[in-house]
Amino acid sequence: MSQTHLSNQKFADLPLHPEVKQALAENGFEFCTPIQALSLPVLLQSKDIAGQAQTGTGKTMAFLVATFNHLLSTPVPENRQLNQPRAIIMAPTRELAIQIAKDAILLAKHSHLKVGIVYGGESYDVQRKTLDQGVDILIGTTGRIIDYVRQGIINLGGIQAVVLDEADRMFDLGFIKDIRFLFRRMPSADQRLNMLFSATLSMKVQELAYDHMNEPVKVEIAPEEKTSKNIKEEIFYPSQEDKMRLLLTLIEEDWPEKAIVFSNTKHSCENLWSWLEGDGHRVGLLTGDVPQKKRIRILEQFTQGQLDILVATDVAARGLHISDVSHVYNYDLPDDCEDYVHRIGRTGRAGNKGVSVSFACEEYALNLPAIETYINHSIPVSNYDRDALLEDIPPPVKIHRRHPAGARNLRERSGAGRPQGAHRSGGRPPRHDRTRRQP
């Protein structure tokens with residue numbers, strides 16, 4: 001983590017439970033990020049917060065540290081039943097819930113607290129076995145949690161800490177009725193520690209906070225900056241004919257270590273995957289139609305470096321905590337201005353540098369003025385040399401073709417890695433001999 005991303009506040013200097021301090025130290029957490037430095041002193045006084053921070057600022061660890069500390073420092077409710085978790089963390093997507101659970105397990109190592117996760121797309125029975133053994137911290141999506149509550153498998157009467165993550169996304173996905181349903185089945189707000197985090201604290205999000213929290217303290221981190229200064233943004237105006245060739249050329253020229261390509265529709269994502277797969281890249285596809293187990297496997301492969309490119313709809317734009325994403329490509333400009341911010345927020349995280357490349361094509365160029373108004377700046381325009389675009393592009397593969405197990409043809413991973421300018425056989429010129437930009 002870059003030192004410029006950290007504050008001067010040390011975790012060791014905060015009045016945290018010894019088991020929490022030990023887990024933080026063992027996992028390399030010494031200094032707080034700004035959102036952690038602002039929120040933890042408030043939360044450690046058992047005061048509720050409504051926090052606003054950009055993605056990648058460490059808010060997940062902020063609420064996890066507060067949750068673990070609160071449970072370890074607070075007596076267990078009298079007559080607590082096995083089906084009563086002590087804390088509940090609600091997330092809008094399965095991917096975010098899974099990532100939160102992974103981070104929670106790091107903190108749980110030295111405590112007696114059990115972490116459980118539930119979400120749709122997986123077997124009820126498998127998840128129920130975990131719940132039947134009792135969990136202290138329940139992490140999940142609202143729909144699956146409600147299913148278990150209605151069946152009596154989960155009872156929320158013993159909740160002592162509540163986290164609502166990505167609250168604005170909850171509104172976008174229509175989950176607010178579910179959230180209110182769950183809040184009504186918990187102890188009153190003054191009997192629990194309540195935490196809400198959101199990329200934006202809109203009026204509707206603040207209303208939700210004040211309805212179900214106990215006089216929350218508002219914590220904000222640089223709300224005026226919707227995009228990180230660590231992200232280099234640029235935009236091209238390709239013709240529809242040039243669009244795919246330009247993307248393939250940019251990827252070969254930039255040669256990103258880890259990239260996400262966003263498109264607006266499932267069909268477009270499948271088309272992108274087919275061309276990238278056909279061009280020899282190690283690429284995964286993440287859309288709403290991909291089965292849950294396959295989605296998890298793809299995310300793990302991407303996180304572990306077995307895939308270099310992830311093609312995704314906006315289902316993956318929020319909540320994915322994947323380190324070292326070097327490039328984000330907006331093949332289509334999103335219709336929603338906030339989606340632009342959340343897409344490019346996948347890179348430039350934790351103080352690292354990132355690159356965002358967007359296409360303002362004939363179909364979606366009309367979205368650009370609203371996006372630039374929303375982010376309060378113009379995106380620098382880059383021109384490209386049409387004669388320098390790739391010509392010898394292999395045909396796309398069919399979507400049902402299984403991903404090859406071998407390494408990406410373009411990149412050699414043995415020894416010192418891919419030599420500069422390495423390329424496929426077939427007469428393609430080295431990447432550094434071709435440039436996309438025009439002076």
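Glycine too: its Cβ is placed from the backbone N, Cα and C atoms.
As given in Swiss-Prot:
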type	residues	note
MOTIF	9-37	motif 'Q motif'
DOMAIN	40-219	domain 'Helicase ATP-binding'
BINDING	Ala53, Gln54, Thr55, Gly56, Thr57, Gly58, Lys59, Thr60	ATP binding site
MOTIF	165-168	motif 'DEAD box'
DOMAIN	243-390	domain 'Helicase C-terminal'
REGION	395-439	region 'Disordered'
COMPBIAS	425-439	compositional bias 'Basic residues'
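Distribution of Swiss-Prot features across the structure.
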| residue | record | Cβ contacts under 8 Å, 6 or more apart |
| --- | --- | --- |
| Ala53 | ATP binding site | Pro34, Ile35, Lys59, Phe197, Ala199, Val219, Glu220, Ile221 |
| Thr57 | ATP binding site | His5, Thr33, Pro34, Ile35, Ile221 |
| Gly58 | ATP binding site | Cys32, Thr33, Ile35, Gln36, Ala350 |
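Look at the motif 'Q motif' (9-37): DSSP puts its residues at 16 helix, 2 strand, 11 coil. Other Cβ atoms within 10 Å of the Cβ of Thr60 (ATP binding site), summed over all protein chains shown, number 25.
Reduced to three states, the DSSP call for Thr60 (ATP binding site) is helix.
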